[in-house]
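Beneath this line is the structure, given in structure tokens, with notes to follow.
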Protein chains: 2
Amino acid sequence: MHALEQKILSEGIVLSDQVLKVDSFLNHQIDPVMMQQIGQEFARLFKDAGITKIITIEASGIAPAVMAGLELGVPVIFARKYQSLTLKDDLYRSKVFSFTKQIESTIAISKKHITATDKVLVIDDFLANGQAALGLADLIHQADASVVGIGIVIEKSFQPGRDLLLEKGYRVESLARVQSLANGTVEFVRD
Amino acid sequence: MHALEQKILSEGIVLSDQVLKVDSFLNHQIDPVMMQQIGQEFARLFKDAGITKIITIEASGIAPAVMAGLELGVPVIFARKYQSLTLKDDLYRSKVFSFTKQIESTIAISKKHITATDKVLVIDDFLANGQAALGLADLIHQADASVVGIGIVIEKSFQPGRDLLLEKGYRVESLARVQSLANGTVEFVRD
């Protein structure tokens, strides 16, 4: 997605060979117009997939997921990373290990919002090791629903997440694929 | 806002005299079309206020805030409740006590995303005791920026938050004002 790549080049900050910071438009400050374009692109890619629901994870996945949901005309669920007082129903739970934070957290969604007939699109802001996407897919499988695809805003293609998801048979659509962050420079994957 | 009140009446669950659960369209599952309508209503209310930025708090504030940002043509910042590895810059921080969860948390925004010339709209999903809104306003004041208003999706008008914010001179616009949750029934404030 050209506009997203341009945004990454102009505003992304390469913190290390592994870490790309995009907190001016995606992870902390959000550019709503960019999010709308991202939502439109996800909708274009998955428009014929019969999607009935989008699932993402708090917090940075919410903006792109809601814009995609608006375009596709489907509800969005954001998995929570902890259990709050008003989320007491029966929950599907999964464990997710964050390599960035070096912690394991439990993610959960309410059972009542997903059924076996749902065809679900998973959306997340980043794909690195694939653990968050696998955790979200696990929640969907627990409901006997189908994962029709995984939509990623920024993929770090030099990390193992994409291959892991492809090996499991998931369709992965990443709007920007970062080949390398070496020498403080963002290089994208070119076909 | 009539459509929001209807949504609350049809999908909200009164858990107690104090707790209204709206996790089918706002707090867990999100209805993107309702969020768009909410964004349009905030934009209508604040269109002449010269807003340059919207600030909300993760996670449930993000969807309505991003839709309002899209309508108003301004960026959205979501305050984080904890400090992540990629958010290491200088931060404005404030303490927020949650009566619901009975815990105090630190909220923070990056200093670089807000300046003294910003005219900021605070948006949050719920107003009850007003602690989150006051914490967000405190972050804005630390930057010497202006709080031009506080936009709330659902206000629990029987709790002290609204009066607290009005006493401090803030403009408060709540799209649904809940007068009472007694007897398992939602009653709205009528002028």
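Cβ coordinates come from backbone N, Cα and C, glycine included.
In TrEMBL this protein carries:
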type: BINDING; residues: B:Leu20, B:Asn27, B:Lys156; note: xanthine binding site
type: BINDING; residues: B:Ala128, B:Asn129, B:Gly130, B:Gln131, B:Ala132; note: 5-phospho-alpha-D-ribose 1-diphosphate binding site
type: DOMAIN; residues: B:44-157; note: domain 'Phosphoribosyltransferase'
To the nearest whole angstrom, what is the C-alpha distance linking B:Gly130 (5-phospho-alpha-D-ribose 1-diphosphate binding site) and B:Lys156 (xanthine binding site)?
10
Sites among the binding-site residues B:Asn27, B:Ala128, B:Asn129, B:Gln131, B:Lys156 close to chain A [C-beta, under 8 Å]:
B:Asn27
Over the residue list B:Leu20, B:Asn27, B:Lys156, recorded for xanthine, what is the maximum interresidue Cα distance in Å?
15
When you average the Cβ positions of B:Ala128, B:Asn129, B:Gly130, B:Gln131, B:Ala132 for the 5-phospho-alpha-D-ribose 1-diphosphate site, which other residues in that chain have a Cβ within 8 Å of that mean position?
B:Val96, B:Ser98, B:Phe99, B:Leu127, B:Ala133, B:Leu134, B:Gln159, B:Gly161, B:Leu164
Three states by DSSP: which one describes B:Lys156 (xanthine binding site)?
strand
Rank the binding-site residues B:Leu20, B:Ala128, B:Ala132 by how many other Cβ atoms lie within 10 Å of each Cβ and give me the one with the fewest.
B:Leu20
Around B:Gln131 (5-phospho-alpha-D-ribose 1-diphosphate binding site), how many other C-beta atoms are within 10 angstroms of its C-beta?
19
